[in-house]
Amino acid sequence: MIETYSQPSPRSVAAGPPVSMKIFMYLLTVFLITQMIGSALFAAYLHRRLDKIEDERNLHEDFVFIKTIQRCKQGEGSLSLLNCEEIRSQFEDLVKGIMQSKEVKKKEKSFEMHKGDQDPQIAAHVISEASSKTASVLQWAPKGYYTLSTNLVTLENGRQLAVKRQGIYYIYAQVTFCSNRDAAGQAPFIASLCLRSPSGSERILLRAANTHSSSKPCGQQSIHLGGVFELQPGASVFVNVTDPSQVSHGTGFTSFGLLKL
């Protein structure tokens, strides 16, 4: 007996979506995106258009209001006296409000200008300190007859006055010295007012000299320096002398200061 076997047929593979469906979905997506962009642009245009229409309507109302005022002034009969009085009252209130607003702005501007002019007064005055008889840069006492009007000027290292605000300053110094040396054989006593810039460079602003006295006991002599200079923030000024051992440090003899103009 012969048995026969039949080969089972292979399963069919499921086919993917047809090409037409893919094209349809692609076109639908493009259409939706285009519609969204178009809707956004149209909304922006509509918003701007409505704003423009609103402005035009306001201008038209203002024009009608002005024409009505002119008609009331000319006394045309189409408007009653009551309406004209009401319109005049509205116009007067409008003008009064504008004038008050201008007056307030003017006062605020004047106050700001006045406030800007009221910069803090910057001033300093210090007297000498006999802590060093050898340093050519004079030392100034941090206490006693000592004035610093604000923290915008400081005494740094006891030697120099430093400013923190740019401006025009009057700077002065008085140096009193005592000398009884032979005047013929000695160089004059020289005092210099010097500037140190924020970058660290130094230069002489003012310089004065006086000859020695041969009188005994020694005669007190004073050198006065003073001038107007523009200082930058971080700049400092100091006093230099040729012979610090001859400087007199009594009260009021030797002093140094500045004032912002």
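Backbone N, Cα and C atoms are what each Cβ position is placed from, and that goes for glycine too.
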According to Swiss-Prot, the cysteine among Cys84, Cys178 that forms a disulfide bond with Cys218 is Cys178
Rounding to whole Å, the Cα atoms of Cys218 (disulfide bond) and Asn240 (N-linked glycosylation site) are apart by 22
DSSP, reduced to three states, assigns Cys218 (disulfide bond) to coil
The predicted model's mean pLDDT over the domain 'THD' (122-261) is 86
Asn240 (N-linked glycosylation site) falls, by three-state DSSP, under strand
CA pair Cys178 (disulfide bond) / Asn240 (N-linked glycosylation site), Å rounded to integer, equals 16
